[in-house]
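Noted in TrEMBL for the protein shown:
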- 5-256: domain 'Orotidine 5'-phosphate decarboxylase' (DOMAIN)
- D11, K33, 60-69, T124, R186, Q220, 240-241: substrate binding site (BINDING)
- D60: active site, for OMPdecase activity (ACT_SITE)
- K62: active site, for OMPdecase activity (ACT_SITE)
- K62: active site, proton donor (ACT_SITE)
- D65: active site, for OMPdecase activity (ACT_SITE)
- 191-210: region 'Disordered' (REGION)
Amino acid sequence: MNKEKIIVALDVATAAEARSIVAELRGEVGAFKIGLQLFTAAGASFVREAVEADAKIFLDVKFHDIPNTVAEASKEAARLGVWMFNIHALGGVEMMRRSSEAVREVCERENLLQPKIIGVTVLTSANRETLKEIGIERDTPEQVLNLARLAAKCGLDGVVASPLEIETIRQAIDEKDFLIVTPGIRKDAATRQRGNAAREIEGQKTKEERQNKLETIDDQKRVMTAKQAAAAGADYLVIGRPILQAEDRASAVREIIRDIEAV
């Protein structure tokens, strides 16, 4: 079912808010994402609580450290019972491979359900200028593809990538079960707003001023609508603001599902 494609981002400050959203939407969507804000505020105990309440949880804390530390943290994520979690592909081959192996081993040894491990490629808030600032000379799509290939090589289950790179990854990685999890989902009006703003300021200000203008509209730079991302081949859509900020969240979800079904 198309509702299984939708992961609602619990980007809220308290466990109480998160519980309310889960209660409201658990029958409408496939899973819920617990990111850094909620994880820092409510801790691993809330993750465990959500899992024990039969919520399907994507733990989005983007592990990135030395290989041993990430491997050990990955084992703890598996013990929490999450459905999926992510690690930064920029951590390198050894970090990704050791994490994948550690999770497989602990799940076999302790009879745990094995979570999916997803490699984060390039954040949707980043663009070419962001990469240049940190010394990466590749263009954004090229960098995403390089990291996606490394993730596949290391045995990860898939990657997190913006909607703009989905087709490129699909063409380059010939593994039918390789997952693409896509944030940066916006309503059609929001994507049009960004496009209109870009056209409005093009040629009038410096590159830095143009970028600052776009960032006042939305901190995510590489975005698409849910329908566009599904058509491009995304397996899962991580959606926050278009659902959380809606007056009727359940209706917003159903509208997104109708859009996906029209693909």
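The backbone N, Cα and C atoms fix where each Cβ goes, glycine too.
Curation plays no part in TrEMBL annotations; they are all automatic predictions.
Everything TrEMBL records as a feature, shown here on the structure.
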residue	record	Cβ contacts under 8 Å, 6 or more apart
D11	substrate binding site	K33, G35, Q37, L38, G240, R241, L244
D60	active site, for OMPdecase activity	A9, K33, I34, G35, L36, F85, N86, V238
V61	substrate binding site	I34, G35, L36, F39, F85, N86
K62	active site, for OMPdecase activity	L36, N86, I87, H88, V120
H64	substrate binding site	V70, I87, H88, L90, G91, M95
D65	active site, for OMPdecase activity	A73, G91, M95
P67	substrate binding site	G91, G92, E94, M95, R98, S99
Per DSSP, three-state class assigned to P67 (substrate binding site): helix
The one of T124, G240 whose CB sees the fewest other CB atoms within 10 Å, among these binding-site residues: G240
Reported mean pLDDT - the domain 'Orotidine 5'-phosphate decarboxylase' (5-256): 90
